[in-house]
Amino acid sequence: MTHLQFDNRLRAELPGDPEEGPRRREVLAAWSAVQPTPVAAPTLLAYSADVAQRLGLRAEDLASPRFAEVFGGNALYPGMQPWAVNYGGHQFGHWAGQLGDGRAISLGEAIGVDGGRYELQLKGAGPTPYSRGADGRAVLRSSIREFLCSEAMHYLGVPTTRALSLVGTGDAVVRDMFYDGHPRREPGAIVCRVAPSFIRFGNFELPAARGDVDLLRQWVDFTLARDFPDLPGSGEDRIASWLGQVCERTAVMVAHWMRVGFVHGVMNTDNMSILGLTIDYGPYGWVDDYDPDWTPNTTDAQGRRYRFGTQPQVAYWNLGRLAQALSPLFGDAAPLQAGLDQFRDTYLACDRRDTAAKLGLAECQDEDLHLIDDLRALMREAEMDMTLTFRGLVDLSPQQPDASVLREAFYDETKRAAQAPALGAWLQRYAARCLQDGASDAVRASRMRAANPRYVLRNYLAQQAIDQAEQGDLSGVHALLEVMQRPYDDQPRRESFAAKRPDWARDRAGCSMLSCSS
């Protein structure tokens, strides 16, 4: 028996749907009561020891068959009261109406050993009123990707939801991976993701779009009371301060994405966390050869709305939709604009901080922004790996700058040779700036190692682990989980996990481009 304690404030304090069960319907309330749909043979495949410890779960809890039953959707611990939340959102720039938790079911809000709140949410636990004709299930490949990325991002220092467990269901799920008329049966799985709150921008957009100001205000009052209890003031001033905090947190999150080369892939407003956490890991990816126009999402391949380089602008646009949703609570738009301005100010400050850290400098001067932009242009022209380039610069000697420290970063020898003179000139500029900074080589290297990861969850690494897991071998998943817990360290005998994308993975499904099929 676990010792988890729940208070489930969302269910207790926000209006619920009078109808229970998964029947698809328009819902005018904040949430709907719905039970997970049982599966054939729930089996624990992997778990996060850190998240389990925060929840107070013991080794015997995790080893118990009851744990797999609960987090596979077949049973409940005392105090759990499952629900799915109602929200809307803008998808690819267009209003999509009611969306909601189509295959996510929250089991409860647990109070951890640190006194913090940990909402436990099963993804792939069956249909809800918001499933929109889908089966509410998830396949093993997408579940592995969400489980691993949730944990990898945490250890990279990126604000994120976490993952407690990955449970195989024993059931097959039919999916058309690229929506091309070739569906296939795939093994099913369920991830338990964990966060203090899963409230999204879309929770406020939907009642605003419906003209339901009462429910909008209830959502705002609840969010302030539960998730932002220390905000001072009252009325419009407090709501404006809250929006400013959301804008700041979102800016910090996206700045971290840009620092480590992460591309979310589906930055719809229903995938934006009110806490500034990375949420909903679908067709995400890490930049391999540097390209600000790259997106991993096949659905976005033509318009490239959510490409790597535009993520800050998209985040700002999404915050504008949140501000618009809150506008019925304000007599004047000026406080809302002031909150939005905090995004730009915070993002620019984070960008300067990260520029200095990635280059190993004590502070970022204006010319350093040009220096790093010129490096990015070189990386693009020479087809250089982003992660390996910045990590390789750690070993550069400012006294004798030598491009050989970047030899592992190139994908194309012809392009390397063509850009060699320009790269050499840039290295001379960078070396001079390091000497001007005055820090020792050891201090500079320490700064850079803390900002430039050695290991990131490249798509091809995740796909290799998925291929093994689909054959019943979870060793690849466990190895990746272990390596990604120390992304900034040089790990002996783990060098293969730091290698750039191999040629075979350039165009392979799951390694370069992914769909939303999951």
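Every residue gets a Cβ built from N, Cα and C, even glycine.
Under the heading region 'Disordered', Swiss-Prot lists 1-22. With a threshold of 8 Å between CB atoms, the same-chain residues lying at least 6 positions outside the region 'Disordered' (1-22) that come near it are 28-35, 37, 55-58, 61, 67, 77, 79-81, 83, 85-86, 106, 108-111, 119, 126-129, 131, 136, 215, 218-219, 222, 225-226.
Look at Swiss-Prot and you will find Gly100, Gly102, Arg103, Lys123, Asp135, Gly136, Arg193, Arg200, Asp280 tagged as ATP binding site, backed by sequence analysis. When secondary structure is read from DSSP and collapsed to three states, Arg193 (ATP binding site) falls in the strand class.
Feature annotation from Swiss-Prot assigns active site, proton acceptor to Asp270; the stated evidence is sequence analysis. Long-range Cβ neighbours of Asp270 (active site, proton acceptor) (same chain, at least 6 residues apart, Cβ-Cβ under 8 Å): Tyr87, Gly88, Gly89, His90, Gln91, Ala96, Leu99, Arg200, Phe201, Gly202.
Under 8 Å, Cβ to Cβ, and six or more positions away along its own chain, Asn271 (Mg(2+) binding site) finds Gly89, Arg200, His264, Ile279, Asp280. Classification of Asn271 (Mg(2+) binding site) by DSSP places it within a helix. Look at Swiss-Prot and you will find Asn271, Asp280 tagged as Mg(2+) binding site, backed by sequence analysis.
For the binding-site residues Asp135, Asp280, counting C-beta atoms within 10 A of each C-beta gives the highest total at Asp280. For the binding-site residues shown (Arg103, Arg193), fewest C-beta neighbours within 10 angstroms: Arg103. With DSSP classes pooled into helix, strand and coil, the tally for the region 'Disordered' (1-22) is 5 helix, 3 strand, 14 coil. Listed in sequence order, Val27, Ala84, Val85, Asn86, Tyr87, Thr128, Pro129, Tyr130 are the same-chain residues at least 6 apart in sequence whose CB falls under 8 Å from the CB of Gly100 (ATP binding site).
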